[in-house]
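Participant: Pulled these from TrEMBL:
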ACT_SITE  Ser253  active site
ACT_SITE  Lys296  active site
DOMAIN    228-304  domain 'Peptidase S26'
DOMAIN    310-352  domain 'Peptidase S26'
Amino acid sequence: MTLLQPSNDFKASETVFLSSIVDNTVENCLKIMDKIASKEVNEFDNGETVAISSFWSKGTCLLIFLRRFGCRVCAHHTMLLNELLPALMQKHIRCVAIVQEKEEIEDLKNRNLWNGELFYTLDKSVYADLGIQSTNSWNLFSSLFCKKSHTMVNEANAIPGDFHGDLYQLGGVFVVDKTGQCLYEFRQNSFTVSPDVQTVARVMKLFEVMFSCMMMEILKQGLKLFGTIVCSGCVFYVFNEQFYSITLCKGSSMEPTIHDGELLIVKSLVSQTKTTSRGDVVVAVSPEEPSIFICKRVVAVEGEPQPSHEYRRIRTGHVWLEGDNKRFSRDSRHYGDVPFALLKGKVIYRIWPWKNRGTIY
C-alpha cells in the first residue's frame with residue numbers, strides 16, 4: 001500500500017490507503033475491521049440489532065464513531081461530515097454513525113447534526129478495538145486553552161451543548177470498502193481535532209465536494225488576508241496620525257538644517273493638542289495648497305510680534321513659519337501666520353542619510 005501524507009491541519013492518527021502494493025499492509029488494514037466485524041450495534045429507531053460488518057457488506061461505507069455529542073465542538077465536526085451526505089447517497093455509499101449515548105441520541109437527530117443512519121452500542125470495546133483512545137483529565141483541561149480549541153469553539157458557537165455523557169472517550173472516522181479494507185482511518189487524540197473533510201471526499205471521489213472545499217478554503221484564506229491587510233492599515237493609519245510617521249523632505253527651503261531627499265521622523269502634534277514652541281521644526285499643510293505638506297521652522301507663536309511687522313501680533317491659535325533658507329523659502333512672509341490646525345507634527349530625528357542621522361534642532 002502507498003500511504004498518502006496526512007493533512008497538516010491536525011495532529012491525529014489519520015491514514016489514507018490508495019493502492020495495493022504490499023500484501024502484509026493489506027492484511028493489517030483488514031484486521032482493523034475484523035476486530036469489530038462480528039460485534040453488534042442497535043439501530044436507533046427500532047432497536048434492531050445488526051452486525052457491524054453488514055454496513056460494508058454490499059459496498060463502500062462511511063463509518064463515524066462519534067464522541068460525546070453534548071460537546072459543541074464534536075457536534076460541529078459531525079455537522080461538517082453531515083454536509084457530505086447528499087453526494088455520498090448519490091453514489092450509494094452507506095453513511096453510518098455509531099454513538100455510546102442512547103439516552104440523548106434523540107437530541108442529535110432533532111438538531112439535524114446527522115441525517116444518516118444512526119446506531120448505538122453500550123459495548124465500549126468497539127472503540128478500543130479500533131484503537132480509538134480515551135483522553136485524561138489533564139489533556140482535556142489543557143486542550144481548552146490551545147489555539148485550535150478557541151477556533152473550534154468560535155465556529156461551533158451557535159450549537160448548544162451540555163456536559164452529559166463520557167467526557168473522556170474520543171471518536172474516529174473510517175471509510176471501509178466491500179472487502180472490509182480501510183480506505184481512510186482517523187482517530188482523535190484530542191476533542192479539538194477533526195477529520196479532513198476534503199481528504200474524505202477525495203478518497204470517495206466526490207470531485208464536486210473537493211472543488212467546493214477547495215474554493216471555500218481559498219475564500220477563507222482570502223478573507224483572512226483581507227482582514228489582516230485592513231487591520232494593519234488601520235493600525236498604521238492611527239499610529240501615523242496620532243504618534244509617529246516617516247516623512248521624505250523635498251526642496252531646499254530648510255537648508256542647511258534639512259536637505260532635499262532626507263528621511264525624517266515626525267512626532268504627531270495631534271496627541272499634544274498642537275502645542276509647539278519657538279524654534280521647533282514642523283510639518284504642516286500648506287495654507288496655499290492643501291494637497292501639499294511643507295516643512296518650516298516656528299519663529300514666533302501666538303501673541304508675539306510678527307517678525308516682518310513688529311506692530312502686528314500673531315493671532316491666537318496661530319504660529320509664524322519660516323524656512324531656514326529664507327532666500328528660497330515661501331512661508332509666512334508671503335501668506336501670513338498659520339493656524340495650529342494645519343500643523344501635523346514636529347520633526348524630531350533624521351534617519352537618512354545614515355551618516356547624518358541624529359536629532360533635529
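Numbering starts at 1 and runs along the chain as it is shown here.
Here the Cβ of each residue, glycine as well, is placed from N, Cα and C on the backbone.
Annotations in TrEMBL come from automatic prediction, not curation.
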Participant: Any idea what the Cα distance is from Ser253 (active site) over to Lys296 (active site), rounded to a whole Å?
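Facilitator: Per the Cα atoms, Ser253 (active site) and Lys296 (active site) stand 8 Å apart.
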Participant: Going along the chain, which residues six or more apart from Lys296 (active site) have their CB under 8 A from its CB?
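Facilitator: Same-chain residues close to Lys296 (active site) (Cβ under 8 Å, separated by 6 or more) are Ser253, Met254, Val281, Val282, Ala284, Leu321, Glu322, Gly323, Ser329, Asp331, Ser332.
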Participant: When the domain 'Peptidase S26' (310-352) is classified with DSSP, how many of its residues are helical, how many are strand and how many are coil?
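Facilitator: Helix, strand and coil residues of the domain 'Peptidase S26' (310-352) number 10 helix, 21 strand, 12 coil.
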Participant: Mind giving me a neighbour count for Ser253 (active site)? Other Cβ atoms within 10 Å of its Cβ, every protein chain shown.
Facilitator: 22
Participant: Under DSSP, the domain 'Peptidase S26' (228-304) has how many residues in helix, strand and coil?
Facilitator: 15 helix, 25 strand, 37 coil
